[in-house]
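Accompanying notes for the structure given below.
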Amino acid sequence: MSVKDEVLKTLEINKGECFSGEALANQLGVSRAAVWKAITVLRKEGYAIEAGTNKGYALMESSDLLSEQGIRLYLSESNGLLPMHVYKTIDSTNLAAKRLALEGVSHGTVVVSNEQTKGRGRLGRDFYSPASSGIYLTILLRPNFDLSKGVLITTASSVAVCRAIQKVCGVEAQIKWVNDVYINGQKICGILTEAITDFESGAIEYIASGIGINCHIPETGFPDEIKTKAGAIQTSFSRNQLAAEVINQLMSIYEDIQSRSFISEYKKRSMVLGKDIEVIKHYSNQVSQNPHAQPAVALDIDNDGGLLVEYEDDTREVLNTGEISIKL
């Protein structure tokens, strides 16, 4: 780890606390000049580091810059060497991940951005992704199962997000089948899972698991079309730490994904089981103008992440794709 990364690690973990140049130099076994040089580079990268006479250096509590080195500080040892691409702004982390996949990047490659200009949700919807208020992250996976089990990645990602939020932010989150995470009745996270498959074999070449988390309310608020439904975590935490913990949790679940051991937690966190819902069928991969909505009851979630529903005529169906709404 470079001197710059070591200095950032100390200041990030002890945000708001002051460290003299001499103390940092002694701790890291380098010269005070090397510490000063590292601080200068970090400031140029956008870190809000204060320097007070006879006080030393401190990373301001308000500093929350997403960066590769900041995220790596919190990655587990097993994930410390995952390839990572971090951007200030990008069209879409899923699109970027798919471009990288075509270049042959390895399993576990991570794409993170502070902002998306063309953030996407399911069924062709836009995903509002303003700068500095969220985490927009995609993990590229190369699974060894076919597309019929692809929904497992979405359910695993949902559980990973909930675990990470609880660990880092101390907040309990719930899951609305199949891909939305809620806190206090408001959506704070959406997940878009996209796959490229081999047409002949049906094998998955790669999956891009895209995760968008609303960490804080944007300065200008949410757009009118989503402001009644959208929310944010809103507690004080490091976006770098939360991004890293999402990666840690998802990669941990993925290692044993075929066991489906996480499905029981997905059920416990479900906000739809036992509820009256409407099953919305668009009959395409885009939002329909007049979708068919069918009343049902959400009964169970199977071992592949499918939602078992019962319609008013007592017929049952397992949904592996689609959309539902909860009746209030």
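Residue numbers in this text run from 1 along the chain shown.
Cβ coordinates are placed from backbone N, Cα and C, and glycine is handled just like the others.
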21-40, 161-180 - the one TrEMBL records as DNA-binding region: 21-40
Residue with minimal Cβ packing [other Cβ atoms within 10 Å] among the binding-site residues S92, T93, N94, Q116: S92
Fewest other Cβ within 10 angstroms of its own Cβ, chosen from the binding-site residues R120, R122, K187: K187
Residue counts (helix, strand, coil, in that order) that DSSP gives for the DNA-binding region (21-40): 17 helix, 0 strand, 3 coil
Cβ contacts under 8 Å made by the DNA-binding region (21-40) with residues that lie 6+ beyond its boundaries: 2-4, 6-8, 10, 49, 51, 56-57
G121 (biotin binding site) - helix vs strand vs coil (DSSP): coil
Cβ-Cβ distance under 8 Å to G121 (biotin binding site), same chain, at least six residues away: F127, G190, L192, G212
